[in-house]
Amino acid sequence: MRVLGIETTCDETAAAIVGVDRAGEAKILSNEILSQIAAHAAYGGVVPEIAARAHVEAIDRIVARAFETAGLKVSEIDAIAAAAGPGLVGGVMVGLTSAKAIALVTGKPFIAVNHLEGHALTARLTDDVAFPYLLLLVSGGHTQLLAVRGVGDYLRLGTTIDDAVGEAFDKIAKMLGLPYPGGPSVEREALNGDSERFEFPRPMSGRPKPDFSLSGLKTAVRLMAERIAPLSDRDVADLCASFQAAVVDVLVDRTRAGLRACREAGISPSTLVVAGGVAANQAIRSGLTRLATEAGLPMVAPPLALCGDNGAMIAWAGLERLRLGLIDDMGALARPRWPLDEIKAAG
Ligand code: ATP
Ligand code: MG
Ligand code: FE
């Protein structure tokens with residue numbers, strides 16, 4: 001069984017083919033990605049109109065390359081999946097329309113994938129992760145703890161009441177004059193910084209409900225940066241390291257509350273999974289590994305290349321849905337907003 005997946009919800013034009021063999025072994029047959037980072041860098045963030053146009057220009061080439069790399073013809077895949085949201089609607093339309101066109105021409109099933117379900121299920125593409133599991137989803141637009149009970153079956157335990165973690169990294173990078181995208185820049189600076197020089201707040205820590213708040217922490221970093229300006233290289237590194245240490249503490253504390261919330265809901269997770277662009281951060285991965293060990297659970301994080309947006313995660317979510325007979329019709333619309341706990345589940 002092989003599925004083509006197309007991802008265009010933000011600033012990556014991506015297409016991939018993922019398959020499972022007869023033994024049930026999953027394999028990425030191709031994973032093509034064209035990042036628009038250069039096109040948006042001057043603006044310090046993603047410009048929707050530029051993104052949509054860039055997707056239009058790249059989509060055919062990226063899809064063709066996904067078939068070339070895999071050494072497959074269109075007739076050799078079983079379904080076409082595209083991310084139908086959440087995301088920037090102009091970009092989503094590009095991927096969705098391409099996928100529908102290929103499905104129409106070939107007569108193969110079409111699957112409208114929730115981008116967040118792509119992040120959420122990636123751990124099952126690369127590792128043997130059984131349902132249910134506790135997922136910390138940390139990306140540019142989302143920060144949530146979810147009990148993943150099955151494909152399409154998500155129980156949201158907690159969420160951010162203001163900024164997403166990735167957004168906080170991006171805003172702090174911009175404030176400190178570091179290059180876009182902010183996450184990797186801040187992580188790089190933090191490597192050479194003193195994480196104990198500044199004592200930033202750990203919002204929500206200790207609260208039983210596993211919600212998050214990031215904006216107070218972001219403001220604390222800004223106020224400190226203003227107080228000690230002009231900033232030396234050393235100051236920037238120390239601010240980044242101290243901020244990142246606060247984020248790690250917050251995520252570990254909130255995930256610990258998530259484990260408790262799981263148990264209270266009668267759910268016993270097999271694994272602790274972290275996913276989304278921010279899951280690429282090594283300090284965050286280490287913090288969560290420590291927590292998982294303390295809880296007696298395995299910790300799974302996708303390989304770095306599968307943390308940020310990519311086509312393989314959409315192809316894989318499509319394949320998981322196809323196996324359960326969850327296909328969509330051509331009426332499926334682009335959905336700029338599409339919470340994970342509102343998607344269609346099996347049976
Ligand atoms: P969403 O998935 O919520 O719709 P998105 O698709 O834009 O949002 P992703 O591509 O999953 O988000 O993740 C991008 C985010 O991850 C950015 O905010 C980026 O700064 C952050 N990020 C990437 N690498 C790192 C890192 N090493 N450390 C911290 N944050 C990172
Ligand atoms: Mg991106
Ligand atoms: Fe994403």
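Positions of Cβ are set from backbone N, Cα and C atoms, glycine also.
Note that this is a predicted model, so its numbers are computed, not measured.
As annotated by TrEMBL, Fe cation binding site applies to H115, H119, D309. Taken residue by residue with DSSP, H115 (Fe cation binding site) is part of a helix. The Cβ neighbour count for H115 (Fe cation binding site), using a 10 Å radius over every protein chain in view, is 28.
In the structure as shown, the Cβ atom of N281 (substrate binding site) sits within 10 Å of 27 other Cβ atoms. Residues or ranges marked as substrate binding site in TrEMBL: L137, V138, S139, G140, G141, D170, G183, E187, N281.
Per TrEMBL, domain 'Gcp-like' is recorded for 27-316.
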What mean pLDDT does the predicted model reach across the domain 'Gcp-like' (27-316)?
97
Rounded to the nearest Å - Cα separation of N281 (substrate binding site) and D309 (Fe cation binding site)
15
Rounded Cα separation (Å) that holds between G183 (substrate binding site) and D309 (Fe cation binding site)
14
Show which residues of the chain containing G141 (substrate binding site), separated from it by at least 6 in sequence, have their CB under 8 Å from its CB.
P86, A164, G166, E167
